[in-house]
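> The following block contains the structure, expressed as structure tokens.
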Amino acid sequence: MPASRLVPLGAVLLLGLLLLLELPPVTGTGADKPGVCPQLSADLNCTQDCRADQDCAENLKCCRAGCSAICSIPNEKEGSCPSIDFPQLGICQDLCQVDSQCPGKMKCCLNGCGKVSCVTPNF
């Protein structure tokens, strides 16, 4: 490969390394405080509110949202709530308020009628 083609490639690689060094590392795992980070929508502003759980107030966890790191209310149990494609039949009342009210690995999630109940999460 000619040297004239290597110069732009080297410049791009150097720029990439500099950008990586500018972003503070984020644990993203939230291992310091109980619970797990919820599934968050990507924040295009690349907000860096925290680097670790201890940077967040009270029970909030430092969680990744795309290129951002924000303090967020944690989920108590692993997994995410399944999507609801259509209204489902069943009891249309709230059967739980938080994951800890659900047995085993089940989570407290929205059901088909706008209320919440214990369901098997997606992993």
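Even glycines carry a Cβ here, placed using N, Cα and C.
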> Where Swiss-Prot annotates a disulfide for CYS71, which of CYS56, CYS63, CYS81, CYS92 is the other cysteine?
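Here Swiss-Prot pairs CYS71 with CYS56 via a disulfide bond.
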> Looking at Swiss-Prot, which one of CYS63, CYS67, CYS81, CYS92 makes a disulfide with CYS109?
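Disulfide partner per Swiss-Prot record: CYS81.
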> Check for me: which candidate out of CYS46, CYS50, CYS62, CYS63 does Swiss-Prot give as the disulfide partner of CYS37?
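Disulfide pairing in Swiss-Prot: CYS37 with CYS63.
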> What residue among CYS62, CYS67 is stated in Swiss-Prot to be the disulfide partner of CYS50?
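Candidates were CYS62, CYS67; Swiss-Prot matches CYS50 with CYS62.
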> Between CYS67, CYS92, CYS96, work out which one Swiss-Prot annotates as bonded to CYS113 by a disulfide.
CYS92
> To which of the disulfide-bonded residues CYS37, CYS96, CYS102 does the lowest count of other Cβ atoms within 10 Å belong?
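Per-residue Cβ counts within 10 Å for the disulfide-bonded residues CYS37, CYS96, CYS102 bottom out at CYS96.
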> Roughly how many Å lie between the Cα atoms of CYS113 (disulfide bond) and CYS67 (disulfide bond), rounded to a whole value?
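The separation of the Cα atoms works out to 34 Å.
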> So what's the average pLDDT for the domain 'WAP 2' (74-122)?
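Across the domain 'WAP 2' (74-122), the average pLDDT comes out at 83.
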